[in-house]
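Heads up: the structure comes next, in structure tokens.
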2 protein chains.
Amino acid sequence: MTTFDPATLSYNEQGLVPVIAQDHGSGEVLMLAWMNAQAVAKTLETRRVTYWSRSRKSFWVKGETSGHTQELVDLRVDCDRDCLLAIVRQTGSACHTNRRVCFYTSVSSGEEVELMSPEA
Amino acid sequence: MTTFDPATLSYNEQGLVPVIAQDHGSGEVLMLAWMNAQAVAKTLETRRVTYWSRSRKSFWVKGETSGHTQELVDLRVDCDRDCLLAIVRQTGSACHTNRRVCFYTSVSSGEEVELMSPEA
């Protein structure tokens, strides 16, 4: 068995990998955000999903201010080692719009159709 | 209702958005790849998921050579309009290693654990 080293992932020019968050219970795809190697290490160490905020240029412990935390259930690396899948226990809504998931707009009909309202 | 225009998405410096492919039946996250605005339009028009290959710098009609096609069931845009979720009917394996999904390596224990073998 190989010990996992976050430095062995393929990061982009900004030193980041995309991370897909999926709900452990429902299987819903919640959101996509980004991690650098340190955020990957922090997430594994704390079991609290920690992204890198590209706008704020700082660590982003998901739910730190909103309470909408993501507890890590499993972290998976893809075949090319340039993308991660975080399987999580989501508290509250994953989306900053207060919807359960970020992917609430369907466009496959050619029209933008909102599938989900903000939580009460 | 607003007509969906692929030009209204937020593309990165390379003109691309990440696209998460999820299996319609099982809910499994299959893979992550990239689309430019034309690939988004082609996918909607043909209902065959068409990515942009960053290595080959050309359209990549998923399964065109392998037969492992992705039929579009729904396409969703996230809250920031910088990521897509393609819900698909996957024929055969999504991963080029012939595994059902690309995320077959678990690292949450600190060791790399392979969860899935290539299909027979």
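Residue positions begin at 1 at the first shown residue.
Placement of Cβ uses the backbone N, Cα and C atoms for every residue, glycine included.
Note: TrEMBL annotation is automatic and uncurated.
Under DSSP, the residues of the domain 'Phosphoribosyl-AMP cyclohydrolase' (A:31-104) split into helix, strand and coil as follows: 10 helix, 29 strand, 35 coil. Among the features that TrEMBL reports, domain 'Phosphoribosyl-AMP cyclohydrolase' is placed at A:31-104.
Feature annotation from TrEMBL assigns Mg(2+) binding site to A:D78, A:D80, A:D82. Cβ neighbour count for A:D80 (Mg(2+) binding site): 14 (other Cβ atoms within 10 Å of its Cβ, all protein chains included).
Long-range Cβ proximity for A:C95 (Zn(2+) binding site), meaning a same-chain Cβ under 8 A and a gap of 6 or more residues, is found for A:L30, A:M31, A:V101, A:C102, A:Y104. What TrEMBL records for A:C79, A:C95, A:C102 is Zn(2+) binding site.
Of the listed binding-site residues A:C79, A:C102, the Cβ environment within 10 Å is emptiest of other Cβ atoms at A:C79.
When Cβ neighbours within 10 Å are tallied across all protein chains shown, the highest count among the binding-site residues A:D78, A:D82 belongs to A:D78. Note on the domain 'Phosphoribosyl-AMP cyclohydrolase' (A:31-104): mean pLDDT across this stretch is 97.
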